[in-house]
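J.: Let me begin by handing over the structure; questions about it come next.
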Amino acid sequence: MMYYCGIDEAGFGAGAAQVYVSACVLDPQKPINESLTDSKQLTPKKRELLAEEIKQDALTWCIATASVEEIEKLNIRKATILAMKRSLEGLTVKPDMVYIDGINSPEVPFPVETVVKGDSKIPAISAASILAKVARDNRMLEYDEQYPEYGFKDHKGYLTKNHIKAIQKYGPSPIHRKTYKPIKKIIDNQKNQQLELF
């Protein structure tokens with residue numbers, strides 16, 4: 001029997017917090033309910049329910065992260081690839097084939113194929129997409145309690161108008177990606193304003 005692993009990330013384009021990556025090998029004997037699709041197409045409630053079902057019925061799965069520090073040091077693409085490797089290392093069954101959403105792939109001892117928009121084409125990627133998004137969204141709710149002034153529960157760290165306004169007003173928090181261009185621009189502007197005061 002062939003085991004296919006799907007990998008997807010959550011938080012690649014965000015301006016705050018870790019990037020999450022999930023690897024998931026579905027059990028051919030236990031097909032997950034037909035509503036598996038790109039996690040962004042599902043309601044939060046539906047995602048939560050499916051995530052529980054996937055965790056229960058998948059052959060093996062692992063959610064890994066790359067920290068803000070790693071993102072700052074390596075860049076977001078390399079940090080995501082690092083988290084992909086970590087997610088694969090956490091699997092208890094070796095996959096025969098790994099399908100990764102998008103165009104980035106790590107060097108791993110398995111055959112790998114990248115699939116653009118794979119989260120809406122390949123069930124194992126859809127499952128990984130749901131696990132990664134649910135895990136990251138839940139973490140962002142915790143960050144919202146820690147840093148309520150930024151509204152993380154609403155935008156999950158992505159740079160909406162309100163999020164940018166909050167960073168301009170309060171400065172970046174410890175979980176903001178300070179090398180991310182829009183945030184770096186805010187920091188540089190604030191430094192220049194301070195210099196003008198002297």
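From the backbone N, Cα and C atoms, a Cβ is placed for every residue, glycine too.
Pulled the feature table from Swiss-Prot, pasting it below:
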DOMAIN    2-192  domain 'RNase H type-2'
BINDING   Asp8, Glu9, Asp101  divalent metal cation binding site
J.: Roughly where does the domain 'RNase H type-2' (2-192) sit in mean pLDDT, to the nearest integer?
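T.: Averaged over the domain 'RNase H type-2' (2-192), the predicted model reaches a pLDDT of 94.
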J.: Among all protein chains shown, how many Cβ atoms are found within 10 Å of the Cβ of Glu9 (divalent metal cation binding site), not counting that one?
T.: 30
J.: Excluding Asp8, Glu9, Asp101 themselves, which residues in that chain have a Cβ inside 8 Å of the centre of the Cβ atoms defining the divalent metal cation site?
T.: Ile7, Ala10, Phe12, Val21, Ser22, Ile100, Gly102, Gly118, Asp119, Ile125, Ala128, Ser129, Ala132
J.: For the binding-site residues Asp8, Asp101, work out the Cβ neighbour count at 10 Å and name the residue with the minimum.
T.: Asp101
